[in-house]
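Colleague: The structure's right below; bear with me while I get my questions together.
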Amino acid sequence: MSSNTKILTVIKHIDNNVNITDNLKNFNANVNEDYDFSSSDEEDVNMEEKDSDISDDEDELENKKLINQIISPGDLVIKSSEYMKGHNTYTTQEHFEKSNTTEDGNTKSGEEELNIYSSTLGVLSKINKLISVTNINKNLYQAEIGDHIIGQIVEVTSAKKWKLNINGNNLATLQLSSINLPGGLLRRKNEQDELNMKQLLKVGDLINCEVQGVHASGNDINLHTRSLKYGKLRNGALVKVKMGLIQRKKTHTHFFNNNSIKIILGCNGFIWVSYERAPIDSVTKDKGSESIKTDITRIEQDTSFEIYSDINDPNIDLKTRILISKYVIIIKILAFNNLVINEQRINSVYELILSYNRNSGGMPNNSGNSKDVLFLLNDPEVMKDIGYQLVQGEKMRG
Amino acid sequence: MSRFEFYNNDGLRIDGRRSNELKNFESSITTTSNFANFSRNTSTNTTYLQMGQNKVLVTINGPKEPTNRTKIDSNKATLSTNINISKFSKVNRNTNKSNLPDKQTLEWEYEITQLFSTIVVLETYPKSTISINVTVLQQDGGVLSAIINCITIALINNSIQIYDIITAVSIGIVDQKHFLLDLNHLEEQFLSSGTIATVGGGDQVSLLRIRDKFPLDLIEEFMQVGLQGCSVLKEIITKQVKDMNLNKLVEIQ
């Protein structure tokens, strides 16, 4: 045992002649017990997840393999001068003058060795000669240019800026010049707009935006909403999930249920579920094709004023509200089971929920009301069960 | 000879340990709002540590933008510690009616912020604050060491970058020749004791706090006992932290 060498007996028992080796054995046993306790806890969790398909010994072996992959802070990752340090690593430069220590003059004198250490709990990732450690617990959002994210306004500053909470360690800024103002795209911003800033976007508003620039090593983030697909959010609900459950993809807006439900998967772990009837609406408004120019400007004005309104659409009835909350619960189920959220999975969970309704319909104390069914889905065990079924279904398909 | 017997003829202490044995060390990660956030491991998680009968809870808030603008440091993050020792944590209930922290707690807060501002890689979080909130639910000797160990585990669980793991143990001296590792509350009452914290379980001492007077020639052995305890404790902590976060590794792959 490696710990055997480290532990030395500390007390010299003068009165009692206790065996040193005996003492050591006891100490080791104590350490092992501690370790066994925690590992047995972990096994239980895994057993539940895998439902005892695999025998315990194989499970333990697998766990040990995985544990060996994890690097803890302070561990020496690599000792070489060839590699570069990436994220979550730090270096200490040690100057070895081997000619001083060894009398043989065959080694290079004054050789620089670069020790790369890890600074978080994570897994090693190596790209060519760049060494970095990827975090196991991804808590905070690290912005990259072009990310589609959702932010919440925290304050309106005097310097033509809004400050947004985007789940990072610093607040992001949205400048007045980088939003679409009501009254057309091409318009100069004047002082009146500056005074009206609080009317456009208030504290607490949710905004669908894109990262325009990242400065000062990811701590100074600029956003913009200069596109029709971005802007203020309404008619829906926000879900916050853990970082890492949403992966960067080409598109982050998805439509479900015959294009009636729109889900925006923000890169920063904020998800917006809303009701939208956009495609039909634009067709009905474009009736008069004769006086196009005036109409277009009018529509632009209407829509852009609509963009910043606070009032939800009055046409949303109870059915669509229930539909929205259904999709919210789907996302919650996926997040609860720590599964990566994407379009396919949301669809498959929706199907699972429909069949789950039927299953519970056979139960005696079910009134058949859809509200009750939604309430039933909020149960952690049901969530776990659905997640398990989903994983099994995905395994079957391969 | 002291009037209190610290160990019997077999070399066992009051609680059945040997002189160089640590207390049982169990740590776990819980989330403050396990179900409300619908994600089992959200950014606000609590770390619980039970070291013997010491029960400590640590939550770490941040790194985030400071509410007070004057506190901004444009180059690095600022650390702040808040220790709350509950009045029922000791054998005798604390009868002090004021809610203000006592002198010792304030001292500990200062020491811990000093200690961890050297360990956390503050340069990676400019213009932000990291606040550490400690709640002591039960005390059983060597509370400071339990707090330091718990904060280390909490920092790792919150994926805040640190240079190395810090471990701390308490040590007591019996009759100016024997040393006891990781004291319980009875031993701490009667013995002259101290706390030692090391970086990465090595020889680098980052904190040495001695409560009482004792001869200077004992300090070398005193520190050696502490270093050995810390190196063992470091292995335990790394094992437990890895086990705690194992299920998240499965998701990555």
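Note: Cβ is positioned from N, Cα and C throughout, glycine not excepted.
Relevant sequence annotations retrieved from TrEMBL are reproduced here:
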type	residues	note
COMPBIAS	A:36-46	compositional bias 'Acidic residues'
REGION	A:36-58	region 'Disordered'
DOMAIN	A:141-212	domain 'RRP4 S1'
DOMAIN	A:236-274	domain 'K Homology'
Colleague: May I have the DSSP-based helix, strand and coil counts for the residues of the domain 'K Homology' (A:236-274)?
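Modeller: Helix (H, G, I), strand (E, B), coil: 0 helix, 19 strand, 20 coil.
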Colleague: For the domain 'RRP4 S1' (A:141-212), what's the model's average pLDDT?
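Modeller: Value for the domain 'RRP4 S1' (A:141-212), mean pLDDT as a whole number: 82.
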Colleague: Please list, for the domain 'RRP4 S1' (A:141-212), how many residues fall into helix, strand and coil according to DSSP.
Modeller: 12 helix, 26 strand, 34 coil
